[in-house]
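Worksheet: one structure, shown below.
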Amino acid sequence: MKEFNIAVMHGDGIGVEIVNASLEVLEKIGEKYNVKFNTKNALLGGAAIDATGIPLPEETIKICKESDAVILGSVGGPKWDSLPGAKRPEKALLGIREALGLYANLRPAKVYEALKDACPLKDSIVNEGVDLLVVRELTGGIYFGERGRVKKDVDSAYDTESYDVNEIKRIAHVAFKSARQRRGKVTLVDKANVLESSRLWREVVNEIHKEYTDVELEFMYVDNAAMQLVRKPSQFDVVLTNNIFGDILSDEASMITGSIGMLPSASVREDSFGMYEPIHGSAPDIAGKDIANPLAQILSVAMMLRYSLDMKEAAEDIERAVEKVLKDGYRTADIYAEGMKKVGTKEMGELVVSKL
Ligand code: IPM
Ligand code: MG
């Protein structure tokens, strides 16, 4: 029997419930496809602070490195908000991405047929189809650049956006390769009319594009992209962008799909290893109430099967199961509409399992 080692970090807030729901799905996949998943829990974020005093313990990095893939819920919450920057749960998230070298973040956003009504855009816009992939650079840029405070007559603070050619090259390859598997178009989103780093991105991406002449490449300023996403989302296939623009635009894209509770993500590198987490946060206000939507987490597990474990069929199986459950009218509170059947986190997970 095939075996895989999976590191599991529930994290904080709703992370705990939604990861548990997704593990039920993984277990069912194991039975159905005759694969053994050895899961090992690791602490990250607030949970790690409470248990060990630091947000990213060495032990966690070790467990992740010894695994074939990592499942992550979400981190953060008001309990740890007053801690200084370097000790916050979010720091652990950036730290683990960096420690594992996961420079490419894939965030697919598509509107499910059954959820069309949850999309806040006009029917005439949605009907053209929304199916895009944000390829976000994840271990560079302003998130990791030099930052600090300067004390002069007036106190000031700075953060630095900086990229080198190699960082841009490798993420560009990911975007072009992804486009080949999709509709063959890459839009590089930047602010090249103002930022020098953006101008370097354009040069490098243009250069790499020569190896992918079958893929169409276009450039778009980020302010325009934010507008075009709601004006005509169907024009986008792969959106390639830096760390911070990717953070912002993927939230915007998620809202177009109806709920941020639906969007999975994969953080990957050259080899098959990856970390899989929903794009949403820990939603502390609804944590522990069994009302959070586990579908983004469940769909993240599907991405793990596809990208890290070479189990494409099983991934599609999960995606189909999710579609069926939605089609049958089951909804968690965030995507609930009149006439539908409202279910909680656990039940939603069980429903997906029942369709596998
Ligand atoms: C995300 C989140 C994180 C990010 C935060 C929690 C640090 O917003 O994964 O999009 O900005 O990368
Ligand atoms: Mg974000």
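Every residue gets a Cβ built from N, Cα and C, even glycine.
Quick look at what TrEMBL lists:
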BINDING   77-90, 281-293  NAD(+) binding site
BINDING   R97, R107, R136, D223  substrate binding site
BINDING   D223, D247, D251  Mg(2+) binding site
DOMAIN    5-352  domain 'Isopropylmalate dehydrogenase-like'
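Only D247, of the binding-site residues P89, R97, D247, place a Cβ under 6 Å from an atom of ligand 1. On a Cα basis, A287 (NAD(+) binding site) lies 23 Å away from D247 (Mg(2+) binding site). With a cut-off of 6 Å between Cβ and the nearest atom of ligand 2, the binding-site residues R136, D247, A287 reduce to D247. A gap of 21 Å separates the Cα atoms of D81 (NAD(+) binding site) and R97 (substrate binding site). Note on proximity: of the binding-site residues G77, D251, A283, A287, the one nearest D223 (substrate binding site) is D251, by Cα distance. Taking each Cβ in turn and tallying the other Cβ atoms within 10 Å, the top scorer among the binding-site residues G77, G85, P89 is P89. Residue annotation for substrate gives R97, R107, R136, D223. The furthest Cα pair among them is separated by 27 Å.
Closest in space to P89 (NAD(+) binding site), of the binding-site residues given as R97, R136, D251, is R97, taking the CA atom of each residue. Classification of R136 (substrate binding site) by DSSP places it within a strand. Looking only at the binding-site residues A283, A287, I291, the densest Cβ neighbourhood within 10 Å occurs at A283. R97 (substrate binding site) carries a helical DSSP state (H, G or I). Other residues of the same chain near the Mg(2+) site, with their Cβ within 8 Å of the Cβ centroid of D223, D247, D251, are V222, A226, I244, F245, G246, I248, L249, S250, E252. The predicted model assigns the domain 'Isopropylmalate dehydrogenase-like' (5-352) a mean pLDDT of 96.
Annotated pair G85 (NAD(+) binding site) and R97 (substrate binding site), C-alpha to C-alpha distance, rounded: 17 Å. Of the recorded residues, D251 (Mg(2+) binding site) and R136 (substrate binding site) place their C-alpha atoms 12 Å from one another.
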